[in-house]
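Annotated features in TrEMBL:
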type	residues	note
ACT_SITE	156	active site, charge relay system
ACT_SITE	231	active site, charge relay system
ACT_SITE	255	active site, acyl-ester intermediate
BINDING	205, 231, 252, 253, 254, 255	substrate binding site
COMPBIAS	217-229	compositional bias 'Polar residues'
DOMAIN	103-571	domain 'Amidase'
REGION	217-238	region 'Disordered'
């Protein structure tokens, strides 16, 4: 059994004999999750187990997680998880129309369903969640403890939770108990949030997919055959299956944005050093060349804005984390300009997006050109600039992407390998793919500095030659090369990691466009690029195109809007206006 999990050629850190010693701990960890569900409501857990399709069916069929909620939740619970947004839940608790316990129980039940349908939960916090809900219910009518009073929120498991094991999906940390919670979790809990579950991430937290050796593969909530994205795929699967009001995610190469796009949700990659990363576990120790962020994945742009406003302005994370910039969140309800100018990037000149992604960009641009309806009462228009004549050439993009991916592995993967070695766990295919970024070799301090210099020069070039010279307010681009990717095939990071390299803020939003197996086909005379990344994405080892429109059935297309550094609020404000035209609504 253990040996079958390893490839014939072992990676340097792999050790089947060592891993066999850890497998009982993996089994115990997963059993504890089931035990919490049984202790909460054995009858409900057994009903889920007997009603829902098997894991094998979810893996092999394009099933929708939300389709199973009406079979397993009562009408009031359905309203709580499907209809009531964050502010409605606050108001209903304030008036005592709903108890915090009833809200918490509904979301715990939905999370149990999500565990079966998408495998999104790494660890439940059911006793802690219910204990806090009971305390909040004792407050008098009209009183709330804070901006997130009684709101069920999930957290990516790499974020420490006091007294609980934090693995970050590295097997060797199965015995590692956190001494204190992450700063962000502490801030949210002080404002009344209920953290009821911790969500999955992939091995090394460096895949645009979510698969690890502890809990296995996480599925997309809209098409369970496909990927939920990564590395915050547990978060997108959880929020997308209505198991949390919102989820805490992280992003160093696309880990918030790809999952948000794959699950038809909203996600923000804020400028770095606005949201605290303190008290978490990852392989990014001392990484200053490309800095990670944390941010919410939400079901609406208003809830995303609400999170940022209350986390920064009322939570004041700078009081607890000296690494942060003390920059309050500005209000996003008003845009002073009457015309917003958006540059449109249809392709980055390195990897051609799929037909559905190109169609989503074109349809979105056309709708925005038509503008607001009379009842919208908006005095704002959009102008667009096709960036094709101005964007970097294929050769330039090769160099940029090489700099980008090399900076992830500039230490020769020493930190990552240290975190994998003790358990000897199998190295998954997308982990091997990541570890080979930039050749996977160690670079000198001088080389690292020169790569940083290229990064900084590019950051200036983007401001001068795009935002200033073309007078752009924003750039609209793909989030990923196609709709929600098939498992273990999320190979190209460029559409998201480019912006991590530059540290420009983005918001991903749903477009209302889904894969159409009739429309979304490549033309017979499609001219593909000849570089290694285009071939990696679209062709198999025999040189045959691997794109099949049916592989992405029911999968949505989310796009990415990018603004200037530390102008995160402007991006959110613009997405609010875009959503008003697209009328996608809360997911």
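Note that Cβ sites are derived from N, Cα and C of the backbone, with glycine treated the same way.
As the structure is a computational prediction, the values presented were derived from the model and not from experiment.
Note: residue 252 (substrate binding site) has non-local neighbours 206, 284, 287, 290, 291, 292, 293, 408, 500, i.e. same-chain residues 6+ apart with C-beta under 8 A of its own C-beta. The substrate site is set by 205, 231, 252, 253, 254, 255; from the centre of their CB atoms, other residues of the chain with a CB within 8 Å are 206, 207, 208, 230, 232, 250, 251, 256, 292. Per-class residue totals from DSSP over the compositional bias 'Polar residues' (217-229), listed helix then strand then coil: 0 helix, 1 strand, 12 coil. A simple Cβ count within 10 Å picks out one of the binding-site residues 253, 254 as the most packed, and that one is 254. In sequence order, 201, 202, 205, 206, 207, 208, 210, 250, 255, 259 make up the list of same-chain residues 6 or more apart from residue 231 (active site, charge relay system) whose Cβ falls under 8 Å from its Cβ. DSSP classifies residue 205 (substrate binding site) as helix under the three-state reduction. Rounded to the nearest whole angstrom, the C-alpha distance between residue 254 (substrate binding site) and residue 156 (active site, charge relay system) is 15. Secondary structure at residue 156 (active site, charge relay system), as computed by DSSP, is strand. In this record, substrate is bound by 205, 231, 252, 253, 254, 255; the longest C-alpha to C-alpha distance in that set is 11 Å. Close to residue 156 (active site, charge relay system) in the fold, though at least 6 residues off in sequence, lie 198, 199, 201, 232, 234, 235, 247, 248, 249, 250, each with a CB less than 8 Å from its CB.
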